[in-house]
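What follows is a short report on a single structure.
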């Protein structure tokens, strides 16, 4: 069964982690043969809660789980990591401006980036989930100069899965019948869910989504709004944010990094925009369609972009540029 890999989950006492840890520990992400050590980081006041999570993981009696290490210390958490899943962040409280949220998170992700730089393996893969995920990820990367920028990604797979599922529901097919939807840009309400290049399997035949749905106004209107605002809709209904679906998306994202994407399919993830051919400014953490092989992602190139898409892609890039500028300002004083 080989050497165990070291996997860190931050915000480990929170509700996304509660849905996520069991899936990782039972082999859904790194495979049924891969033993692992789970490192769980949270803030000091959450340590008692975290002890309960550790007890539960032990009580699952999982054969792949070699060790669970709960900690509130970065030097313990980030040591020799193979993969870091950064779920914990400062949540937006009522009446809080996005600027205040950015300031609080710059501090967290600057510190965690520096800890990655100092303690983790240089090959570590870092996935940022905590919001604002794109900008948090950029800050972590900038604070870890010795780790390749390409090793950092942020989660837009939840939005990708939401888009797939809306198309599947509309057509009465399974989510597996829908492929190559794209989320462009920020994991925020400016993101652009794009189905111009998506395919759907209808009665054994693969057709374009626009051709299958035959309702352009829905695809350019309600579909986009539903995906953009789904997180808020879940909070409104559940009085809590999406945890089960977020955990599933994290598993999908990390498994694809580890094992690669299926032939003929691409997925959406927030990655460094350097060298993209879609006119997105450099040095942004922006969601693109990617394919992954040998734990390395590449942009999907050459997709034609129509005017409708262009406008939406530019809008979300503008938001990310503004977020970045604000964050970088805070970074120098953090």
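Even glycines carry a Cβ here, placed using N, Cα and C.
Sequence-distant contacts of residue 187 (active site, proton acceptor), defined by Cβ-Cβ distance under 8 angstroms and a gap of at least six in the same chain, are 131, 132, 133, 134, 154, 155, 156, 158, 159, 270, 287. According to TrEMBL, the feature active site, proton acceptor maps to 187.
Under the heading NAD(+) binding site, TrEMBL lists 42, 105, 129, 130, 131. Residue density at residue 105 (NAD(+) binding site): 25 other Cβ atoms are found within 10 A of its Cβ, drawing on all protein chains shown.
Sequence-distant neighbours of residue 162 (substrate binding site) (same chain, 6+ residues apart, CB-CB distance under 8 A): 193, 226, 227, 230, 245. Per TrEMBL, substrate binding site is recorded for 92, 98, 131, 162.
Annotation source TrEMBL lists domain 'Lactate/malate dehydrogenase N-terminal' at 6-152.
As annotated by TrEMBL, domain 'Lactate/malate dehydrogenase C-terminal' applies to 156-330.
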Alpha-carbon distance [residue 98 (substrate binding site); residue 130 (NAD(+) binding site)] in Å: 14
Alpha-carbon distance [residue 98 (substrate binding site); residue 42 (NAD(+) binding site)] in Å: 23
Largest inter-residue Cα distance among 42, 105, 129, 130, 131 [record-listed NAD(+) binders, Å]: 16
Among 92, 129, which are binding-site residues, the residue with the most C-beta atoms within 10 angstroms of its C-beta: 129
DSSP residue counts for the domain 'Lactate/malate dehydrogenase N-terminal' (6-152), split into helix, strand and coil: 66 helix, 27 strand, 54 coil
For residue 131 (NAD(+) binding site), the number of other Cβ atoms found within 10 Å of its own Cβ: 20
For substrate: widest Cα to Cα gap among 92, 98, 131, 162 in Å: 24
